[in-house]
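Features as listed in Swiss-Prot:
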- N54: N-linked glycosylation site (CARBOHYD)
- N71: N-linked glycosylation site (CARBOHYD)
- N77: N-linked glycosylation site (CARBOHYD)
- N134: N-linked glycosylation site (CARBOHYD)
- N178: N-linked glycosylation site (CARBOHYD)
- N252: N-linked glycosylation site (CARBOHYD)
- 1-16: signal peptide (SIGNAL)
- 17-323: topological domain 'Extracellular' (TOPO_DOM)
- 345-356: topological domain 'Cytoplasmic' (TOPO_DOM)
- 378-391: topological domain 'Extracellular' (TOPO_DOM)
- 413-563: topological domain 'Cytoplasmic' (TOPO_DOM)
- 585-598: topological domain 'Extracellular' (TOPO_DOM)
- 324-344: transmembrane segment (TRANSMEM)
- 357-377: transmembrane segment (TRANSMEM)
- 392-412: transmembrane segment (TRANSMEM)
- 564-584: transmembrane segment (TRANSMEM)
Amino acid sequence: MLPNIILILLIRYCSCGAGSRVYEKYGKQVQLSPATTSSYREWYDSNREHSTRNNTNVDDFQTQLKKSLENTTAAYNATFMQELIEERQRYLEKLNEGQFINDQRRLVEELLDPNYYEKTVHPKRDYTRPTRVNLSMSLYQILDVDEHMQSIEVNVWMVQHWYDEFLDWNPVDYGMINRTIVPYHQIWIPDTYLYNSEELEQKKTESLMNAQLETGHWNQKKDGAKVQLMFPAIYKLSCRMDVRWFPYDRQNCTFIISSWTHDKQTIDYWPLSSTVNLGNMARNDEWEVISFEFVRVEETFKCCTAPWVMLYAHLVIRRKPLYYMINLVVPTSIITIVAVTGFFTPTSSSSERDEKLYLGINTLLTMSVMMLMVCNQMPSTSTYVPLMSWYYIGIIMVIVVGTFLATGVLAIHGQKHYNKPISDRIRKLIYNPVVEFFILSPPTSLIDLWTEFGVISEQRHSTHLDPLLLQHMDPISHTTRADPQHFFGSISSQMCDLQSTYSYTARLATITRQYTQHAKMKALRKNQYRMSMDTSQARGVKKQKMQRRCSLEWEFLANVLDRILLTIFCGFTFAVFIILIGFDSFFTFHTDSPPKTM
């Protein structure tokens, strides 16, 4: 046997290459011959490779080792075999007691040994050097956006990684293990906190699990092991809602992420990427994500001299307006148009016009209920009025003004009972070709009355001549017809002569009849009395026609006003509806965000 030849006992071989610390902890020095050492090493290496390929467990390997030792006992001298058997018995006892485990468990136990590692200590051997924490985030789902409470709730996946110089190891000493998993509460982790979270207890929002360690032995920088902490979180954070353009609003909800106790001299936060991962996000039917970007800002507070590194994650979302268009805007516009049409539909009776007032009151009640539904979703702020509220205010004003104007038209319609004709100016306004073509034509009965009473201009009358005058008129020559001046002059002169002759003949005949019919004076008086009776009947008929004319004039004026107001209000309502439907296409606006500094 050669001196100073040290062989790690069977425990080192069974642990598959443990480091010096394990040897110091469990090992023992023995002196073996070169032949013995070489033979046992060859046997161990061959059986170790065989057991590794065949995934042999510890019990099978123990049985093989026991059988091999029994077979080789006779080949060695009694002294060495006695020592080997004793060492084998001690190994079997410790193996049965569970003191020898696989490489991964041994690695974890040694890394987290309280005598070697302290989780409250900064993970840098030089404490003056800050620990760089790289942070990334993936948005999984937008759970809720509460405009009234001005908060948003999201489901995100957080990833933080940094380097810990006290957790590094050599993979050669641990079966080439480059990565392992350890409980998060047994290592140092940064106190990353969401500043604007509505939940103060972090355990209720973050589900921390295990941390992943990756050796830094192969890294040339020698920064230590890479620690990666991945966990899901449900954050409910306060978000100032800007709903002035509701339902076309865009919201910018900012995540303020930083350490609560460490400034830049201890922890330096950096975003792993400038944008948040949206690849795994579940679709939201109400909101559309426009952007989700990280911004790194160094801020100085009054409490501390050193700056604090803050990570701002700006989540910009846009509301999908289809739901509100279908359930609020379209029904409101239809109700308004129906109400306006009912207000200003021409009617002839007063009872029908009275129903318009009840229609206006019912429509106002409907608008108030629908506006209340919108107000329940809006934040209680006096800074601005949402676009949807302006829409309902405008619609309510249309209904109110329409109701008042319908009352005015009703009052105009009631003037027909006073038998007072309308003024000539108003008559000229409502009876002209423009109004007749674009708005409303007067009824035929009213035109006949206007013609009978001479209201319509003389150009609309036909000139009728007495047949006796036409019989005594001389024919007009073709030469006179060719010259318009002589034509009208000839007619005028003949008319004057004939009228003079006709008047003289008529007066002479009247005097002759008076003298010749003196005997019939009594009958004549009877005839005069009968004619006076006919005249009073004619006056009554004329009065009735005058009343009819006044009634038709006021009704026609009310109908013209109804038609004009109907066109104006329907056009206004339709224009507001089109503007609101296409508001997002007609107008563009931007959501404010803090300055981007890195």
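The backbone N, Cα and C atoms fix where each Cβ goes, and this holds for glycine too.
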Sparsest-packed of the listed glycosylation sites (N178, N252) - C-beta count within 10 angstroms: N178
Remote residues contacting the transmembrane segment (324-344) - C-beta distance under 8 A, at least 6 residues beyond either end: 246-247, 355-356, 359-360, 363, 366-367, 370, 373-374, 388, 391-392, 395, 398-399, 402-403, 405-406, 409, 561-563, 565-566, 569-570, 573-574, 576-577, 580-581
Local confidence of the topological domain 'Extracellular' (378-391) - pLDDT mean: 80
In the chain carrying N134 (N-linked glycosylation site), residues 6 or more apart in sequence that have Cβ under 8 angstroms from it: Q160, H161, W162, W270, P271, L272
Where N252 (N-linked glycosylation site) falls in three-state DSSP terms: strand
Other parts of the chain folded back onto the topological domain 'Extracellular' (378-391), taken as Cβ under 8 Å at six or more residues beyond its ends: 147-150, 241, 243-249, 324, 328-329, 332, 371, 576, 580, 583
N134 (N-linked glycosylation site) in three-state DSSP notation: strand
Between N178 (N-linked glycosylation site) and N252 (N-linked glycosylation site), the C-alpha gap once rounded to whole angstrom: 42
